[in-house]
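Visitor: Please see the structure below; I have some questions.
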């Protein structure tokens, strides 16, 4: 589905597991041929609403016997994808390949192309970056959790060395493709906010005390879009159960995607829900700027984030509410606070985005200045990286709105009753 791909480099490549990685249970792995389960024809999955109903850890046998998933045979998926034909290939990444397939709506058996329901079949490479452990983690979480903003896992296949996952098909692909693929049709402001809200809903659900899941790999490539641009989170191979009881964090090996992982997690291995909030801030900046927050041509993450902060996406043509852009950019900066304790919760981020969508009535900005959003400048006149931006006496960043400038660079006098949200500086 051009949408389950993860070609980005991991923070710690040594954390990748081979398909033979120990999954935490002894004995032979169940085969799809002997472990068969079915799901209702409606493809509905129960939504778990309490910690007790989302037990961790679970044995591999318990995970693969989920009544919410169908255990496909390799032959069934081979038939559904027309023998994994090249013209059925939707995308390729470090983990393997994604193929388009067709299943009967009632029986979930292979059907002819153009009939039944369309699915995306992810087939792992035996030498790929995503091993059996990550594969099993994805089955574990998506086999239990259901939410409109999480991609739906229909079933899986495990036979010999083969590991496959079957998802609902997401026709609009990944957010990454829409933002960064050359020649892609630019997303409107309304769609960008819709995607941000949908993704925030997915993370908020995961962070809820009834779920307590840390996603750990939130990025544009893992946000999939359906036909109406509803956002759904995919790729749960790195997901982790959140801290319980008196614990404030989970200590774990550092994995994730470079540039999206929170600095305190990269430095210490201490993982909290606020780590996901940081990643959300990075993606929100990408939605606003249309630029990758992680520029592989740059040496450091700070330079890339600084570049993303500089300007609203010119492909918007100024067709966005200036006040709304200001509020969204300010929210992104809050999510990116180097101090995890000062970042908002995802529920608070979602509330702010909902409020922004419902109250933004300003007319889109016009003129030649396309919503420039600047990071602060140092004494030498160069912009400082986001992570190094100065703070107020309380330790938090202070944001102010600068006066707009005319064609000759001079400051234009502001009206006493109107404020320009075109230029945002953090000082």
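Cβ from N, Cα, C; glycine included.
Taken from TrEMBL, the feature ATP binding site applies to 123. What TrEMBL records for 23-42 is compositional bias 'Low complexity'. The compositional bias 'Polar residues' feature in TrEMBL is assigned to 356-369, 391-413. Here TrEMBL flags 84-356 as domain 'Protein kinase'. Look at TrEMBL and you will find 1-42, 356-427 tagged as region 'Disordered'.
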Visitor: Long-range same-chain neighbours of the residue listed as 'ATP binding site', Cβ under 8 Å, sequence gap at least 6?
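Guide: Residues satisfying the criterion: 77, 84, 96, 97, 98, 99, 162, 163, 164.
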Visitor: Along the domain 'Protein kinase' (84-356), what average pLDDT does this model show?
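Guide: Averaging the confidence scores along the domain 'Protein kinase' (84-356) gives 88.
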Visitor: Is residue 123 (ATP binding site) helix, strand or coil when read with DSSP?
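Guide: Once the DSSP labels are grouped into three classes, residue 123 (ATP binding site) ends up as strand.
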